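Listed in TrEMBL:
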{"type": "TRANSMEM", "residues": "20-40", "note": "transmembrane segment"}
{"type": "DOMAIN", "residues": "27-477", "note": "domain 'Major facilitator superfamily (MFS) profile'"}
{"type": "TRANSMEM", "residues": "82-100", "note": "transmembrane segment"}
{"type": "TRANSMEM", "residues": "112-131", "note": "transmembrane segment"}
{"type": "TRANSMEM", "residues": "137-159", "note": "transmembrane segment"}
{"type": "TRANSMEM", "residues": "171-192", "note": "transmembrane segment"}
{"type": "TRANSMEM", "residues": "204-224", "note": "transmembrane segment"}
{"type": "TRANSMEM", "residues": "285-309", "note": "transmembrane segment"}
{"type": "TRANSMEM", "residues": "321-343", "note": "transmembrane segment"}
{"type": "TRANSMEM", "residues": "350-372", "note": "transmembrane segment"}
{"type": "TRANSMEM", "residues": "384-405", "note": "transmembrane segment"}
{"type": "TRANSMEM", "residues": "426-446", "note": "transmembrane segment"}
{"type": "TRANSMEM", "residues": "452-473", "note": "transmembrane segment"}
Amino acid sequence: MAGGGFSTSGNGGTHFEAKITPIVIISCIMAATGGLMFGYDIGVSGGVTSMDPFLKKFFPTVYKRTKEPGLDSNYCKYDNQGLQLFTSSLYLAGLTATFFASYTTRKLGRRLTMLIAGCFFIIGVILNAAAQDLAMLIIGRILLGCGVGFANQAVPLFLSEIAPTRIRGGLNILFQLNVTIGILFANLVNYGTAKISGGWGWRLSLGLAGFPAVLLTLGALFVVETPNSLIERGYLEEGKEVLRKIRGTDNIEPEFLELVEASRVAKEVKHPFRNLLQRKNRPQLIISVALQIFQQFTGINAIMFYAPVLFSTLGFGSSAALYSAVITGAVNVLSTVVSLYSVDKLGRRFLLLEAGVQMLLSQIIVAIILGIKVTDTSDNLSHGWGIFVVVMICTYVSAFAWSWGPLGWLIPSETFPLETRSAGQSVTVCVNLLFTFVMAQAFLSMLCHFKYGIFLFFSGWIFVMSLFVFFLLPETKNVPIEEMTERVWKQHWLWKRFMVDEDDIDIVKKNGHANGYDPTSRL
């Protein structure tokens, strides 16, 4: 039985009948387990790199620094390129894999691409858990990165295409919600395995990544393919049947015909990546790339990767550092649920702007406290101040979790037209992973050199990105994907100037110059 029903607007005021069917909910939940795997990978690395047995086996230099008081600056204890490479290699591999994932997503479908991601994840987990040396450890992380590249390419597209318009934002955020659950799961696992005697707890932490990996693989076997993908690949009848199932109604002809027309237009595009650079596609490309860069320069992944390391640097004991990371992980999950319920009511812009203020203030407060209380060789964080720092970081994390976290993925996945959607998503994932790699590889070194100023660095970026949202990001709430151009981009004060094809500009130029004026002056 359907969970509910509503109408969604199509072109020219047409209403597409759609119900919230169980098959949509189940398919989206299964697909979103890709986020669970991604989140676990983010959370687990910071935990194991703060465990003494792991450091002693793979990074003895770092282990020595953490055990000899006064050997180095508090802020520089974990500054090691190899240690950072363990974390960042996953994202460099994901960056490369996303180009191949763009091809499989377009030619083989969203569902099969998610299955490929699951297989990469499983093999990578096995190598990590059984690692005997650093090379084996890095190879395992690289394979996990390939899984991330394929999953992050296919899952957001799958969710956007299968969801009815009115709840598209909420269902798409299931991906980000699973990312936060994965981070929390990893933090809880690390907190428990750190207490295991015998020095093998880190293997269990890395091995339990197999749980979400298997979930994603099984989910990919059972979910339905999206109608958009089936129609795009020429399976019209199958696409029509799937559309009927996921909408819970026989009245799907208007939406089906619109998808067929969108597919026809898409097939005329022989070079989707080249097409992305056309004038009419530049606004979507600029917005998507900017959102990915800004998302990383909020500093969230640097904090999530290295939360236990960060708290340990600030004077928390090993156990207290892991416990604090669990708290921030729990806040992350709960705040993403807030976004799940509010994104289609309050809109994308409101959440991003409100969160900008909240993140900015909390980062500045943390920087002031650390600047006064924590020096290179000693820390004066009392129990009370320590709790206050954790509260401020949780305030920051909560704001990110209902804004830049989920919306950084949602907005790009719903703005590109079908003919460039796969290529656009590929560029989105690529840019995200590139700057995730940069942050993961550089954060511990930045912490060593900037010290408490690292939080001021991130707060400066938050101010810039909030201005970007205020002036340049249009609202996409409750707008059908295929109507974005007409109802969003052509209505924006700046981007509407780009919604003219180059050929049209050439024609207007020729006619205009013949009459003695420059017709492009207003474009």
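Just so it is clear, glycine is given a Cβ too, placed from its N, Cα and C backbone atoms.
Small disclaimer: the values here were computed from a predicted structure and weren't measured.
Spatially, the transmembrane segment (426-446) is not adjacent to the transmembrane segment (20-40); fewer than three Cβ-Cβ distances between them are under 8 Å for residues at least 6 apart in sequence.
Between the transmembrane segment (112-131) and the transmembrane segment (171-192), the number of CB pairs under 8 angstroms, six or more residues apart, is fewer than three, so the stretches are not in contact. Outside the transmembrane segment (384-405), and at least 6 residues removed from its termini, the chain residues within Cβ reach (under 8 Å) are 176, 179-180, 291, 294-295, 298, 300, 303, 311, 314-316, 324, 327-328, 331-336, 338-339, 342, 351-352, 354-356, 358-359, 362-363, 365-366, 369-370, 373, 465. Counting only same-chain residues 6+ beyond the ends of the transmembrane segment (20-40), those with a CB under 8 A from a CB of the stretch are 1-6, 114, 117, 121, 147-148, 151-152, 154-155, 158-159, 162-164, 167, 171, 174-186, 208-209, 212-213, 215-216, 218-220, 222-224, 245-248. Confidence for the domain 'Major facilitator superfamily (MFS) profile' (27-477), expressed as mean pLDDT, is 86. The stretches the transmembrane segment (204-224) and the transmembrane segment (321-343) are not in mutual contact, being linked by fewer than three Cβ pairs under 8 Å (pairs 6 or more apart in sequence).
Spatially, the transmembrane segment (171-192) is not adjacent to the transmembrane segment (452-473); fewer than three Cβ-Cβ distances between them are under 8 Å for residues at least 6 apart in sequence. Only residues 6 or more beyond the boundaries of the transmembrane segment (321-343), in the same chain, are considered here, and those with a CB under 8 A from a CB of the stretch are 43, 46-47, 50, 169-170, 173-174, 176-177, 179-181, 183-184, 186-188, 190-191, 194, 303-304, 307-312, 351, 390, 393-394, 397-403, 405-407, 410, 477. Sequence-remote contacts of a segment are chain residues at least 6 beyond its ends whose Cβ falls under 8 Å from one of its Cβ atoms, and for the transmembrane segment (452-473) they are 287, 290, 294, 297-299, 348-349, 352-353, 356-357, 359-360, 363-364, 366-367, 370-371, 374, 404, 411, 443, 446, 494-495.
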